[in-house]
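Features of the protein shown, as given by Swiss-Prot:
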ACT_SITE  His107  active site, proton acceptor
BINDING   His269  heme b binding site
SIGNAL    1-27  signal peptide
SITE      Arg103  site 'Transition state stabilizer'
Amino acid sequence: MFKKTKPRISILALTISCAIYSGAALAQDAANSNKFWWPEQLNLSPLRQHGVESNPMGSTFNYAQAFKKLDLNAVKADIKALMTQSQDWWPADYGHYGPFFIRMAWHSAGTYRIYDGRGGAGGGQQRFEPLNSWPDNVNLDRARRLLWPIKQKYGSSISWADLMVLTGNVALESMGFKTFGFAGGRQDDWEADTVYWGPEKKWLDDKRYSGDRTLEKPLAAVQMGLIYVNPEGPNGVPDPLLAAKDIRDTFGRMAMNDEETVALIAGGHTFGKAHGAHKPETCLGKEPAAAGIEEQGLGWTNKCGKGNAEDTITSGLEGAWSVNPIAWTTQYLDNLFAFEWVQVRSPAGAVQWIPKDGQAANLVPDAHDKTKRHAPIMFTTDLALKEDPEYRKISLRFKENPKEFELAFAKAWFKLTHRDMGPRVRYLGNEVPGEILLWQDPVPEVDHPLIDAADITKLKSSLLSSGLSSAELVRTAWAAAASFRGTDLRGGANGARIRLAPQNTWAVNNPRELNRALTRLEKVQGDFNKASTGGKKVSLADVIVLGGVAAVEQAAKKAGYAVEVPFIPGRTDASQAQTDVTSFAVLEPTADGFRNYYAKDNTLPPTDMLVERANLLTLTVPEMTVLVGGLRVLGANSDAAKNGIFTDKPGTLSNDFFINLLDMSTQWRKSAKTGGLYEGLDRKTGKLKWTATPVDLIFGSHSELRAVAEVYAANDGQEKFVNDFVKAWHKVMMLDRFDW
């Protein structure tokens, strides 16, 4: 029996081998996507990512509760011990993994960008393609493998996303630096995020620039596969002043000002070294995503020398900045200004800089051989801190005031690693700093009794008799809540920032109407608070949302349905002093298909921008569909235009939008008068019935959206439409309620 089994195993192995290596077999199995055949077709896949189906923890797992039970001190002790437990398969530089883990944490968080809130440490996306295989992330696969025993030990109690950031903090602390704090609460993703990283088809290309080196929005890196800038200079041109421009642009797009930028670069380059022992094109294998299955998720296998230690290849630059690369010092800044720097090339051929005339040739110890010493190095981007006038002022101030430098780096590091976490209420753990920072978009805590059911009923009545139409109430509530971004958890109705700069001047919010509406809503709030007893109050933020609730309930009643739209009080009102105008400016929607708004300077079509807005609001395809249909009949267009209002009874929560959109008695054509608009004509008489935008018509044109629209247009679809709209409306109103 044993002899009979053996050849069968061999045959099975041969079969598997053929399946793996036969390109023809794979080609036969792989079907071309619809996008291949129809590249202009609207892509709805962003609205289907990160579903519960891909999450092995299931929908009932509560990460926050699991993290709260974690002994964070024990985790940190294990991480600290790991720092000096050098492994033969990946020896630690200078006997300490600290600098390696700082780079891992930095590159995990450093993908964040302000224009769409994508990137950042949340989700632990560094584990997935494309980030796990970016040229700028060479060898960080090893950093995560070094951490695996700790992740394995604590399991689901700490996410990869939190662990990578925490490890960066412990790395700093283990080398003598006092961090500003740490907050947990980052849940892991289980699949690669759908993110536009740039138009390039090759690594390190830079087709993202136009004109006089204008970087395409929302991108925040100079080349495909880099976190920020090219350390050798723009496109490898070793010009520190040109590099300074790239640094200021990219770090600014990551929400960092000049002082924070200098602190991060100078602080980060205090530690560790760059690796360029050999030419990567000669020595390195394929990146993790392209490596063989036997590599088990690792990549960049180095066939030169030992393949690690003194033969390590990462960026291609080679050397350390300071004399003691595993301790917090001011040596980076001291060296930067102490020497005149000249160009040389690393063993890998990369341009870098060393002190002129052989100065300090033996200043820096070797990372692995105690008998060797080297000159300190600088990147072109390091010299930018010396050559750029503003960066130079800050760098010299930090050099002369070490304590100020230390605090600046601590705060900038905390901001770097926590920028995408949203408000402080999401922060978990006993190391959350007590200081409230402006970039956290703070809102006051509730310091008064909240309104109850009787109060809510009374306020609804006051709102409906305030002189505002139901459409105005809906528009104001939507404008407040729909500023939310699920990417970095900013925006939303809480704080009532819609009454503050810059939101009160956004074109999409129709400032003149908004001012009128807010005046009426503030009167309702003021009258209630003046008449209330026992210290009970209602915030303007709650009044704004409640106005939308009252209007939706009234509209449903007109349609014949008595529904109660959920409402949970507890929002508070932020002040202008708590609102960074520049920081909030990037949240301004240049398109909002739910309000049929589309600014002329957009580069993407209105339908793509609708999907983008729905994605930022964390909506599904059905939720997007029902909200558009409902908001149209409620008259929620930003400028009160009639486009897409396919009903003869506006203000009634009917399914008329879908019924009339799918009505074959209407023939659609492009408007000859107004670009971007369509006219719906009676097929028999040619009489104009409706006008529409592409966002309206896509629900009848796109096969998947039409399938959903048909559900709501059916004879039995009205009640489902009302219930689904109410549920989706409530979801949007609550997106920023992390306190609930």
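Using N, Cα and C of the backbone, Cβ positions are placed for all residues, glycine too.
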In Å, rounded, how far does the Cα of Arg103 (site 'Transition state stabilizer') sit from the Cα of His269 (heme b binding site)?
10
Do you know offhand how many angstrom separate the residue listed as 'heme b binding site' and His107 (active site, proton acceptor) by C-alpha?
14
Just to verify: the residue among Arg103, His107, His269 with the fewest other Cβ atoms within 10 Å, which of the recorded positions is it?
His107
